[in-house]
Structures are given as C-alpha cells and as structure tokens.
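As given in TrEMBL:
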type    : residues                                                                                      : note
BINDING : Gly29, Leu30, Ser31, Gly32, Ser33, Gly34, Lys35, Thr36, Gly75, Asn132, His133, Gln134, Asp135 : GTP binding site
BINDING : Thr36, Thr53                                                                                  : Mg(2+) binding site
Amino acid sequence: MRYVHQCFRALCCKGPPPPRPEYDLVCIGLSGSGKTTLLSQLCSESPENIVSTTGFSIKAVPFQNAILNVKELGGADNIRKYWSRYYQGSQGVIFVLDSASSEDDLETARNELHSALQHPQLCTLPFLILANHQDKPAARSVQEIKKYFELEPLARGKRWILKPCSLDDMEAVKDSFSLLINLLEERDFEPSRM
C-alpha cells in the first residue's frame, strides 16, 4: 500500500514540467539544399506535402529541452538579397548546403555563408552548418567542405558546428540540433557585457 501511495504522490504532486526555453533561429541556404524537407521531418510533417519555400516560413521545432522557432528563408537568387532583412532577433543560425551540388552552386553557397558569418546581426551567434545530401554518391565529405569553405580561418573565435546529414539519418540531424541547443544554452548563461 505504501508503494501505491508514493506512486500516486509522485504523479499528482509534481506540478507541471518547467517550461522549455524557446530560441529564435534563422535558417538559410540555396534553393534545393533541403532546408524545408529537413525542418518538415523534424516537425513530423508528411513528406508528400513539402513545397519549396519561396519567401519565408516559420516552424516551431520541438525538442525535449527546447523549442526552436525557425524562420526559414527561401534560397532563390532573387530572394537571397533580402535575407538580411529577416536576421533581426535571431539567436542562432542554421545554414544548409547541398554537399553534392555543382561546383558553381558550392561556390555560391560558400559566398553566402561567408556573408552570413560576417553580417553584424549574425557574426556573434552560434552557427549550425549542415552538409546535406550525404546519401548521394557525389556528396563531399565534411573535411572537404570545411577546407573548401575555409571555415577554420574564417570562423575562428565563433561558435559553429559543421555536421554531415541526410534524410536517411534523422537521428544524426536531431543530434546536430541538440549540439546547437547546447551552444544556445551556453550563450544564455554568459554574463552580459557592459
């Protein structure tokens, strides 16, 4: 009887769980890099209804220890020039690149990432860089991308994570987002600079 009493007490007297912190993120990358599909999968949405983002969309992506409010910006040529208008208020950046893309597209992605890393509203924020489409034969390795994108010298002193990903391994994608959440939490506990 004592055991039943303890179980009941644990269930009823615990109170609601503490609220999960919410973070506002911006997600950028060229068209076709897989931003929309990755975010939809993380939200457990049906893959049949996925349409490429033309302007921007916002998704609340739930994780066990946080909720990420992700503003995904379309990656078409005519939209990229407006990306910076949507950066304000962001607490972190997700950059998705197609690791199996053409040399030209990879060069464009590199230039866009360099611009983002140096943008005044983003340069102090944590970055999660996802090398997507690792399941394709032409995919470049994370080491190749790190070297080609010159991440070591460019992002020195910044907090960034570069991870391989594909839709075939959503657990790895979730793990990558967990690492980003850790960086966001660390940022929360930093003493504010005067």
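Keep in mind that glycine also has a Cβ here, set from the backbone N, Cα and C atoms.
Sequence-distant neighbours of Ser31 (GTP binding site): residues of the same chain at least 6 apart with a C-beta under 8 Å from its C-beta are Ser52, Gly74, Gly75, Ala76. Counted within 10 Å of its Cβ, the other Cβ atoms near Thr53 (Mg(2+) binding site) come to 18, all protein chains included. Those residues noted as binding GTP (Gly29, Leu30, Ser31, Gly32, Ser33, Gly34, Lys35, Thr36, Gly75, Asn132, His133, Gln134, Asp135) have their most widely separated CA atoms at a distance of 22 Å. The two recorded residues, His133 (GTP binding site) and Thr36 (Mg(2+) binding site), have Cα atoms 13 Å apart. Taking Cβ-Cβ distances under 8 Å and a sequence separation of 6 or more, the neighbours of Gly29 (GTP binding site) in its chain are Lys35, Gly75, Phe95, Val96, Leu97, Asp98, Ala109, Glu112. Taking only the Cα positions, the spacing between Ser33 (GTP binding site) and Thr53 (Mg(2+) binding site) is 11 angstrom.
Distance between Cα atoms for Thr36 (Mg(2+) binding site) and Asp135 (GTP binding site): 17 Å, as a whole number. On its own chain, Asp135 (GTP binding site) has Ser166, Leu167, Asp168 as residues at least 6 apart in sequence with a Cβ closer than 8 Å to its own Cβ. Neighbour counts of Cβ atoms within 10 Å were taken for the binding-site residues Lys35, His133; the minimum is at His133.
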